[in-house]
Amino acid sequence: MLEMVSLLEPIAQPLPLQPQYESLEFRATKVSFHKSKPTRQRHFPQPMSTSPAHFSPLDDLVNSSTYASVLESCKCPRLGKQVHAQALKNGFHGHEFVETKLLQMYGKCGCFNDAVLLFDKMRARNLYSWTAVLNVYLTNGLFEEAFECFQQVRFEDFDLEFFLFPVVLKICCGYGGIELGKQLHGIVLKYGFSSNIYVGNALIDMYGKCASLEDAKKFLSNMSERDCVSWNSVITAFAVNGMLSEAHEVFNQMSAEDNLTPNFISWSALIGGFSANGCDEEAIEMLYKMQAVGFQPNAQTLASILPACGRLQMLYLGKAIHGYLARHELMSNSFVVNGLIDVYRRCGDMGNAFRVFSMFSTKNDVSYNTMLVGYFENGEISKAQELFYQMEREGKWKDIISWNSMISGYVNNSMLGEALNMFHKVMWKEEIEADTFTLGSALAACADTGLLRRGKEIHSCAIVRGLQTDAFVGGALVEMYSKCLDVNAAQKVFDEVNERDIPTWNALISSYARSGEMFSVECTLEKMKADGFDPNIYTWNGIIAGHVENAGNESALQLFLDIQSSGLRPDIYTIGTVLPACARLATLDRGKQIHAYAVRCGYDSDTHIGSALVDMYAKCGCVKHARLAYDNIKKYNLVTENAMLTAYAMHGYGEEGIDFFRRMLENGFIPDDITFLSALSSCVHAGLLETGLEFFDLMGSYNAKPTLKHYTCMVDLLSRTGKLNEALKVIKEMPLEPDTVIWGALLGGCVIHGNLEVGEIAANKLIELEPGNTGNHVMLANLYASARRWGDLTKTRQLINERKMHKSPGCSWIEDKGEIHVFVACDTSHQRTDEIYQTLNILTTQIKVEH
């Protein structure tokens, strides 16, 4: 495989968009350049002395050029201060050139206070000194102070030079914005520097960072002289602002118009833009093309492409990058290390994620939180908990992101009690303040557990903090109230949200859909469109889910077809929602169509979709197809295992079900009550009493508490094998109240084995519980017939006739060409009744002839 290649080296190091101090207030108004003192201007002291400096004779021995050379290469603050001390000792105090180099050195080494102190004490300042201190302010994110510094420069008695403006133009991205940028552009024109290629490139960079892309492109086209930096600035501007096709167009134009070959930065800008905007396949493709033209990757390249590998779950590419990083000794870069951890956790390879974390990570908040999320995503809850408490033991500060990762991880793993307990701890910690994500995750836990009162308490917390109007919290509140079946409250909290976004609208629409209020759904959709939002796939997913939850399975399937016709692409959640509708309707043809769509989109191997496919095929009577769907799943969990085991049990594949259950245990799965129910049902179909007793006793070892259905399976198994007295004993001794199903299972066994004594007990209990059920009397009659109790049989039939009992007619249906045909015994309501009965008579005649 070709070696990996490098990504974007920015043209100018991006600066923070906001100043670091709260006192720095962004002003969107026009910035004045009149020579009046700024209202917040920093007081810049006058030079210490305007008289000529007196230098030591040593000046001839150690000249200023020597100091300049040393200071330019100095990257160590301690060494730089030693050079500063020696310069003072050798008589260079007040030397304008040397002190300017010292100022630049302090700025480069991050010594803000030393740089400002030196500048304030300088005897003489020139334009280079002012430019150096401007850079110091910008490096520390002090954009407004930098602007005031520039204002002061204009009061000084020297002419401005071109090299000042590439620095000054950087102010605009943090203060003043495009308004200031255009005024600075005017000053550039006034001084005649617009034709200077360095100033021109800085203007393009400024327009790009202020998102004025047309101005950037226009200025490029008007430049008399252009180089790769000029073109790269425009490519970067378009890429950073998500205009990828325009960036690619400019990329191609630079060679067509100026005969300039795209360089490393050109490729990197384009690749970085694709990756940052989620165009992952395109980013990786461009990376390979970049490599093909001979550019080699650096750490920044790989850090940029790793998120794309993670989102695409391209584990092989992540490992290739890991190997490249190791071979080229780039594992000391924290960005690539955290990126690798993220790739491994997204691909479910937590073993390699932990190895990278342990060996190379700087153990900062990002790496810890990435590992926490990864453990939760892959179901390794205990390891997530251990890591969380390890942070505390190692003295690592657990920020709100760490707590949020734990809360949301518990919610996503259905550990809702633990999530709410963790939220309670956050609320009691004075040093940590819950944010919108904390409240939203806690509300999701309340929604999934139906804890309306707890949800209202969290709603109160949101009101106290003024967060109830936030779109994320508001959407979570709508979701919570809707799942707790309080649609009116959901509408009220929705009305309080200040800036509604699509997820907030979707939450309200989903609320009405869940409640079956489809008219309100239509009205809300119209209001949403009037508010400027078009329904997206998540909107329709909520409506489809509402149809399915309210037994509107046909409507759900029709809506699925309508979505495809509208041009929207159903996602994995859409597929997961409509497959249960197919299962409930037993509509195999449409189920296969949806399966085919899932295959085309690559969803069929997903754990949840695979489980839904197994369930759908099982309920449509195709165990073979269910097994094929099961075998195609990439990652198995208890849900997938239960789905396949249930399929075997549902269709009487007893021995296959028992073998499958034993393999589950061998593979380390922890069975739950659903698993044991299917396993016991398999024993019933296989008639294996000893195995059934073994499995029933095994439930205690896995803390699975038997329900009435588990006892019913055991009674059915004992009854079918003739152990009727034992079955009756189970019913009498079980800690639950018996229902009609369990008495029916006992009575069925009595009919099979002709046990009149136990049978009468079961029949009487059934008639007592359901006196109007004809089937109970019929089973009792059959029991009397099997025991040749003709007198009792006659009495039972007379009782049925006297009470005018009728057996409920059976119902069946068939799907043909997408249409469901329902049949009931003696029914003549079908529109093709005559054809149906004519065909039935022909078949009946043929059967009689054959026999």
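Cβ atoms are placed via backbone N, Cα and C, with glycine included.
Computed from a predicted structure; not experimentally measured.
For 126-160 (among others), the entry in TrEMBL reads repeat 'PPR'. Note on the repeat 'PPR' (126-160): mean pLDDT across this stretch is 74.
What TrEMBL lists as repeat 'PPR' is 227-257 (among others). Long-range contacts of the repeat 'PPR' (227-257) within its own chain (CB-CB distance under 8 A, at least 6 residues past either end) are made by residues 8, 10-11, 197, 200-201, 204-205, 207-209, 211, 213, 216-217, 220, 263, 265-266, 269-270, 272-274, 276-277, 279, 282.
Taken from TrEMBL, the feature repeat 'PPR' covers 263-297 (among others). For the repeat 'PPR' (263-297), the DSSP-based tally of helix, strand and coil residues reads 26 helix, 0 strand, 9 coil.
Proximity of distant same-chain residues to the repeat 'PPR' (364-398), defined by a Cβ-Cβ separation under 8 Å and at least 6 residues beyond the stretch ends, is recorded for 334, 337-338, 341-342, 344-346, 348, 350, 353-354, 357, 405-406, 408-410, 412-413, 415, 432, 637. Residues annotated as repeat 'PPR' in TrEMBL: 364-398 (among others).
Away from its own ends, the repeat 'PPR' (399-434) comes close to residues 365, 368-369, 372-373, 375-377, 379, 381, 384, 388, 391, 441-442, 444-446, 448-449, 451, 454, 458, 461, 465 of its chain (Cβ-Cβ under 8 Å, at least six residues beyond either end). Positions annotated as repeat 'PPR' by TrEMBL: 399-434 (among others).
As annotated by TrEMBL, repeat 'PPR' applies to 501-535 (among others). Long-range Cβ contacts of the repeat 'PPR' (501-535) within its own chain (Cβ-Cβ under 8 Å, at least 6 residues beyond either end) map to 471-472, 474-476, 478-479, 481-483, 485, 487, 490-491, 494, 542-543, 545-547, 549-550, 552.
Marked as repeat 'PPR' by TrEMBL: 536-570 (among others). If one looks beyond the repeat 'PPR' (536-570) by at least 6 residues along the same chain, the residues whose Cβ comes under 8 Å of a Cβ in the stretch are 502-503, 505-507, 509-510, 512-516, 518, 521, 525, 528, 577-578, 580-582, 584-585, 587, 590, 594, 597, 820.
TrEMBL lists 637-671 (among others) with the feature repeat 'PPR'. Helix, strand and coil counts under DSSP for the repeat 'PPR' (637-671) come to 26 helix, 0 strand, 9 coil.
Here TrEMBL flags 672-706 (among others) as repeat 'PPR'.
Residues in the repeat 'PPR' (364-398) partition by DSSP class (helix H, G, I; strand E, B; coil) as 26 helix, 0 strand, 9 coil.
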